[in-house]
């Protein structure tokens, strides 16, 4: 298989619409198959005020688009920087404006998998920008802040948006971030596990500050996408739920 070279990063925006939750309760969201194919091309120029950092000269076999979504302040940018650079953005909170992305190539069972990870703004005024990027996303990491009950209460609204704008077979995972702030916890783990079970989502708690389960979340997504892309008859089917339950610290498998 010939390998491609990672291009420089770009980002952009386009408008779309929103939707309200269904009155008859949650519709299960099945962790599914990402549509195989080449990486999604950027939709426009970089947003002003933030730099887009690419993968430089890294080579890869296949690329997938992954989006980080959730309310503003839940730690999406910090989670991305922890995974990409192994660092923590301490200090003053700076909210993402519009959308930005970074690339990272990971080795999955001998295959070079490039994850093009899009960091989205959580504020309502940027929501239409986010909608435009759902349609060609292969996977979504939906975050809430365990110290912020309102961010958890917004999860069902985010799931409705995902159902409206994303592919039916998008891979979806729920992450409770900032678990390092145990004394400030406002969302019980049991409540998040119940929500994840209702929607059939894999779930784990993470910390961008300590790195808890951060690599695991992205690695699990990469393994799922790679396995669905190759579809080798002799290769056992990758079980996303079982993998994070086995490998994670404090992770759980939540099936309906």
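Positions of Cβ are set from backbone N, Cα and C atoms, glycine also.
Listed features, source Swiss-Prot:
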type	residues	note
BINDING	72-78, 95-96, 122, 177-178, 180, 208-209	GTP binding site
BINDING	77, 96, 119	Mg(2+) binding site
COMPBIAS	38-48	compositional bias 'Pro residues'
LIPID	253	S-geranylgeranyl cysteine
LIPID	254	S-geranylgeranyl cysteine
REGION	1-53	region 'Disordered'
MOTIF	86-101	motif 'Switch 1'
MOTIF	119-136	motif 'Switch 2'
- request: For the binding-site residues 76, 209, work out the Cβ neighbour count at 10 Å and name the residue with the minimum.
  value: 209
Pairwise CA distance, residue 180 (GTP binding site) versus residue 77 (Mg(2+) binding site), rounded so that it is a whole Å: 16
- prompt: Hey, does DSSP put residue 119 (Mg(2+) binding site) in a helix, a strand, or just coil?
  reply: strand
Task: Counting Cβ neighbours within 10 Å across all chains shown, tell me which of the binding-site residues 72, 77, 177 comes out on top.
output: 177
Message: Let me make sure I understand the structure: which of the binding-site residues listed (119, 180) has the fewest other Cβ atoms within 10 A of its Cβ?
response: 180
- prompt: In this structure, which of the binding-site residues 74, 78 has the fewest other Cβ atoms within 10 Å of its Cβ?
  reply: 78
Cα-to-Cα gap, residue 76 (GTP binding site) vs residue 119 (Mg(2+) binding site), nearest whole Å: 7
